[in-house]
Each structure stands twice: as structure tokens, then as C-alpha cells.
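Just below is one structure, and these are the notes that go with it.
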Amino acid sequence: MGYHETYSPNGWKWLGFVSAVWVQAISGNNYTFSNYSDAIKTLMNLTQLELNNLSVAKDIGKAFGLLAGLASDRLPTPVILLIGAIEGLIGYGVQWLVVGQKIQPLPYWQMCIFLCMGGNSTTWMNTAVLVTCIRNFRRNRGPVSGILKGYVGLSTAIFTDICSALFSDNPAKFLIMLSVIPFAVCLTAVFFLRETPLSVSVAAEKEEARYFAIFNVIAVVVAFYLLAYDFIGSTNQVFSLVFVIILLVLLASPLAAPVYSFYKSRRLVRFEPDVERREPLLEQEANATAEAAERNEVINDEPPVAVDEAVVVEKSRPVIGEDHTIFEALRTWDFWLLFLSFLCGVGTGLAVMNNMAQIGLALGHADISIFVSLISIWGFFGRITSGSVSEYFLK
């Protein structure tokens, strides 16, 4: 039996969740268009309408997220992550080549394709992370989705503030961050993010609740830390470097959960007497044998049923909270309610974020990064609150 199985499966589950948090913390690059849109507009000599159409091409990439959803039932999580990582590396990498003037500006239709690829890359990352983590933590779907989607909201502020601190909002360096950092993080998550056996004990459920409370606190601390930097601003290079180091430490701090879980498991394995470990197994074996004997008695007492009189029970449809295929979901009112809500609601926020650079410049603000970061942070509070509140009312 390997180390993965001998010691804490819970530890590996929490390590997978931490890697999922890191993936989400870098997968909100779809909301950062305003940070480099003005550079694309200037280099390619675009009108505002043409620039808006470029942002639409980026958002259309998210519409093809249906492909990632269909693939999640057929491909393992590491493969889905790799697809998103490679697609983002190419999509944002080509945009960096253009904005950094490493190559001549591409034809307009080609830029649309690469922006679409960049937008679609995040759907593969989000799908891999959300599907796997919700399957690993079925009893805490609300906190899981709230924390993960909250970090997606924070990722725009994380990228924006790091670029502001280290590179003075240089759009070319911002794009190289969007292409390289998600690729590196996804390559790391490939080794840790996978489905694990479901914990069904009451103790495990209480442990999950405690850990998720800690994850929520860490996320809120990161949000307030970014908010403070937005208002204080960068005073000098040393201050900016210290800000980035502390931010990276905060983002790494969730590692304490799997480390503690591994430590606790190893301590139990090392010090628990052999007899105490064997007795519950023997008792379970005896109970299982007795239950099997009772079932055999019941079966033997029942009269035989003719084949032509056998009743074929039709498989019932899954209820809310159980796994649905795409076709089962399409037959539910809940799916269409969510679909219409997203169709009518999400687009308004994207329209504002895509045009934030032009809105800020029109109002006389030369640096609009603070507005992009603030929208990201307030979006985080909405996401993480909705996850916890929904779980509270469901329970």
C-alpha cells in the first residue's frame, strides 16, 4: 500500500483543495481586459466599437465552456487542467507578443481568435476545480463553491496589484503574467487535484466545517489586505516588494490545513496500538457476516417470483444535489432558471469591466487599475457570502 493510501486520505483531499484555491486565484484573467485594452486599441488603431467586439470575442470563449463541462465526465481532472493551461499560454502569450511589440500587430480576426482562446482557457480550469472539489466535499457544496468562486473574484485584484507593485501597470508585463503564472500553477495542481473517497462520518463532517471556516477567514484577510494596498498605493520599490511577499505568504497559508491533517494522521498511525486498530475491524467483519446471514434468511423465506411477473423499476431521475448528466439537467426547471439568470445578469457586469479603462479615461483618471481591483474585491465578498448563506439555509 502506497504512502498516498497508508496515511491520511483526508490530507490528500485538503491538499487538492488548496491547489484548487491556487488555480482559482489565477483563473480570473477573463475580467482583466481593461488593464491592457487601451494598449491594444492604440497599437492596432482600433475604434471603440472594434475594441468592444474584441472583448465580445473574449467573452464568447467562455460560452464554449460547455465543451469543458462535457469533457469533465469523460476526461480525468489533470487532462482538463492541462487543456486550460496550454490554451491560456497560447491565447495570452500571443497577446503579449503583440502588446510587447515582439511581433507586428496581427490581423483583427486573428486577434479575435486568440482572445477567444484566452477566455475559454479559464472555463477548463474552473470546471476541473469545481467538479472535483464538489465531488470531494458533497456535504459542504455551498462553502466549497463560495470559497473557490470568491478566489476567482480576487484573482483580478491579485494580478492587478502585483503588476502595479512590481511593474508599474505595464500592460505587456501584465499579459506575460496572465500567460505564464496560470500555466505554472495548473502544472502544479495536476499532481494534487483529483477525486478522493467520500468521508461519511460525523467527525469528518465537523472537521470539514472547521477547515472551511479557516479558509473563509484567510480569504477575507487576503481581500482586506488587497483593499488596503489599493487605498495606500505604492510608495517605493521596497514597500511594493514587501507587499508582494506578504501577499504570497497569505496565499500559501491554506497549506496549513493539509499539513496538519497529514501530521495528525501520522501521529495516530504511529502511536495507536495494534489491538485497538484490529478490534473495530473484527467487529465490523462480524456485523457484516451477521447482516449477510439475515439477508439470506429473508431471501430464502420469500416465495419465488416468475420471470414474466417480475416488475421492472424505472430508474428515477436524480434530485437536486445529485449528479446530473447534461441531458438530465436540461429537463429541469432549475437549470433554465440558472441559465436565464446568468444570461440576463452576468453580461451587465462584464460589459462594465470590459469598458472600465475607457470609462476611467473619460472621467480623467490616467490609472484605472484601482477601479478594476476594487470591483474584483467587492465581487469576492458577494461570491463568498452567497456560498455560505446558501449552505446555511439549505441545511
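Each residue, glycine too, has its Cβ placed from N, Cα and C.
Automated prediction, rather than curation, is the source of TrEMBL annotations.
Look at TrEMBL and you will find 13-259 tagged as domain 'Nodulin-like'.
The transmembrane segment annotation in TrEMBL covers 79-96 (among others).
Same-chain residues lying 6+ beyond the ends of the transmembrane segment (108-134) with a Cβ under 8 Å from its Cβ atoms: 16-17, 20, 23-24, 27-30, 40, 44, 46, 50, 53-55, 57-62, 64-65, 67-69, 71-72, 77, 80-81, 83-85, 87-88, 90-92, 94-95, 98, 141, 144-145, 148, 152, 178, 182, 186, 189, 193-195. As annotated by TrEMBL, transmembrane segment applies to 108-134 (among others).
What TrEMBL records for 174-193 (among others) is transmembrane segment.
Annotation comment: TrEMBL describes 213-232 (among others) as transmembrane segment. Sequence-distant neighbours of the transmembrane segment (213-232) (same chain, 6+ residues past either end, Cβ-Cβ under 8 Å): 17, 21, 143, 146-147, 150-151, 154, 157-158, 161, 165, 243, 246-247, 250-251, 253-254, 256-257, 370, 373-374, 377, 380-381, 384, 388.
Nonlocal intrachain contacts for the transmembrane segment (238-263), taken as residues 6+ away from its ends with a CB within less than 8 angstroms of a stretch CB, comprise 7-8, 10-12, 14-15, 17-18, 21-22, 25, 158, 161-162, 165-166, 211, 214-215, 218, 221-222, 225-226, 229. The annotation transmembrane segment is assigned in TrEMBL to 238-263 (among others).
DSSP labels the residues of the domain 'NFD4 C-terminal' (327-393) in these numbers: 58 helix, 0 strand, 9 coil. Per TrEMBL, domain 'NFD4 C-terminal' is recorded for 327-393.
The transmembrane segment annotation in TrEMBL covers 335-353 (among others).
Same-chain neighbours of the transmembrane segment (359-381): 28, 31-32, 34-35, 38, 150-151, 153-157, 160-161, 163-164, 169, 219, 223, 226-227, 230, 349, 352-353, counting only residues six or more beyond its ends whose CB sits under 8 Å from a CB of the stretch. Under the heading transmembrane segment, TrEMBL lists 359-381 (among others).
Only residues 6 or more beyond the boundaries of the transmembrane segment (174-193), in the same chain, are considered here, and those with a CB under 8 A from a CB of the stretch are 12, 15-16, 18-20, 22-23, 25-27, 29, 32, 35-36, 77-78, 81-82, 84-86, 88-89, 91-93, 95-96, 99-100, 118, 121, 125, 128-129, 132, 159, 162-163, 167. Same-chain residues lying 6+ beyond the ends of the transmembrane segment (335-353) with a Cβ under 8 Å from its Cβ atoms: 31, 33-34, 59, 329, 359, 372, 375, 379.
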